[in-house]
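Annotated in TrEMBL:
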- 154-188: repeat 'PPR' (REPEAT)
- 189-223: repeat 'PPR' (REPEAT)
- 224-258: repeat 'PPR' (REPEAT)
- 259-293: repeat 'PPR' (REPEAT)
- 294-328: repeat 'PPR' (REPEAT)
- 329-363: repeat 'PPR' (REPEAT)
- 364-398: repeat 'PPR' (REPEAT)
- 399-433: repeat 'PPR' (REPEAT)
Amino acid sequence: MIITKPKPISPSHLTTIVLDNLYIHITTTTPHSQSYHTHKHTRTHSNKPTRKPIPFLTDIKQIKDPDEALSLFHHYHQLGFKHDYPSYTSLIFKLCKARNFDAVETLLGYVKSCNIRCGEALFIGIIRHLGKAGLIDKAIEVFVEIKGFNCVRSVQSYNTILNILVENERIHDANAMFENARKMGFRLNSVSFNVMIKGWLGKGEWEVARKVFDEMLVREVEPSVVTYNCQIGFLCKRGEFDKAKGLFDEMNKRGKHANAVTYGLLMEGLCCLGKFKEAKKLMFDMEYQGCKPRLVNYGVLMSDIVRNGKWDEAKELLVEMKKRRVKPDAVIYNILINYLCKDGRTADAYKLLVEMQVEGCEPNAATYRMMVDGFCSVEDFDGGLKVLNAMLMSNHCPRLETFCCLIVGLTRSGKIDDACYILEEMDKRKLRDNLKLWESLVQAVSESGEAAVELVNELICAG
């Protein structure tokens with residue numbers, strides 16, 4: 001995403017060109033939606049001066065469709081509204097979330113040519129979205145181009161690109177960048193070292209990670225709790241609990257107080273060695289060390305209990321949590337729901353889903369996905385559709401595999417209307433043209449004979 005310098009033209013003419021091009025693109029691909037109006041704001045009777053909300057920013061927050069957001073942007077421009085940095089930031093982040101990076105690049109070109117002063121946070125956000133989309137080279141280009149926007153790069157944007165390289169299996173590129181930090185004008189901080197330690201540990205390179213840690217101490221960069229936690233977690237996963245405990249003791253000697261995550265990692269290490277009782281004792285001992293047990297600690301115990309198929313003990317731990325006034329969150333419930341679904345006990349899992357909502361705990365996307373997949377696994381497609389509806393109403397989106405499983409199951413059951421409804425929902429999310437869906441349907445047809453062929457033909461015609 002290299003932003004080239006445009007030929008000198010007047011800002012007003014450039015505005016018209018850029019916005020009209022964006023507008024033409026979206027009006028040819030999507031129908032016009034509702035018209036937009038600026039908000040009228042009533043006067044406040046308070047003596048304190050209040051900041052008036054910017055109408056465009058208020059409106060764009062309510063829009064989910066990125067093409068609609070572009071249309072709104074153009075509409076406000078036609079009304080004479082002068083878009084500034086907050087306007088561009090809101091629109092760019094909306095486009096990034098939808099992975100419409102071509103439009104982002106166009107907008108950045110305009111921002112640059114008009115000398116709109118930008119903050120580093122804008123570029124950090126873009127880099128993160130590009131990283132999530134796997135567009136690493138483009139993320140690097142944006143990082144390089146930051147200075148061209150009259151914006152100073154700090155160690156924050158440096159750490160962001162470093163982390164993206166590590167997370168996308170480009171540890172050697174990250175290492176080259178790490179070693180050249182001084183030449184690039186960056187002073188490494190604890191986050192920089194943590195990223196590299198995490199990266200080398202992810203590759204199983206314990207010795208290299210320790211060298212980075214030693215360099216950290218030589219440079220007098222103070223290790224954080226995160227620095228120790230990632231090393232303790234690595235050792236515990238390898239079954240080297242004694243080494244992990246030694247690092248824990250070293251951490252305390254250096255005056256770094258362990259947090260709930262630290263204890264959780266040690267507890268997990270004990271559970272992996274089959275020492276559940278010792279793990280539970282450690283959770284109660286941590287309170288005497290000034291660290292109150294958190295959900296993460298109960299989560300470790302709960303995971304170990306259900307892993308060993310001890311459902312009654314899991315229920316007892318849930319009751320114990322409530323007695324201690326530790327309110328279970330979605331993660332705790334997900335551990336239990338996942339266990340029940342894998343065990344084929346979807347009715348019990350559904351009861352737990354209802355219970356968590358009664359207790360005031362909102363299910364997250366993972367909760368719904370596990371429930372829908374659980375119903376599909378026992379071929380209860382009506383139950384799966386019921387949970388899918390609740391999921392969509394909660395603004396969560398199922399995985400493509402979940403959509404496919406339901407469509408195939410409903411098609412086999414002859415429920416074409418329900419299958420078409422799911423296709424419509426997929427169409428809204430631009431998932432309908434996915435090859436994997438139709439491959440799944442073809443496979444279902446081949447396994448189910450001529451009757452299924454007729455059903456799929458009906459599905460295609462109806463859709």
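Placement of Cβ uses the backbone N, Cα and C atoms for every residue, glycine included.
Automatic, uncurated: that is what TrEMBL annotation is.
These figures come from a predicted structure and were not determined experimentally.
Mean pLDDT of the predicted structure over the repeat 'PPR' (364-398): 93. Taken residue by residue, the repeat 'PPR' (224-258) breaks down under DSSP into 26 helix, 0 strand, 9 coil. The list of residues near the repeat 'PPR' (189-223) in space but at least 6 beyond its ends in sequence, with Cβ under 8 angstroms from a Cβ of it, reads 155, 158-159, 162-163, 166, 171, 174-175, 178, 181, 230-231, 234, 254, 256. Counting same-chain residues at least six beyond the ends of the repeat 'PPR' (364-398), those with a Cβ under 8 angstroms from any Cβ of the stretch are 330, 333-334, 337-338, 340-342, 344, 346, 349-350, 353, 356, 405-406, 409-410, 413, 415, 418, 422, 425, 429.
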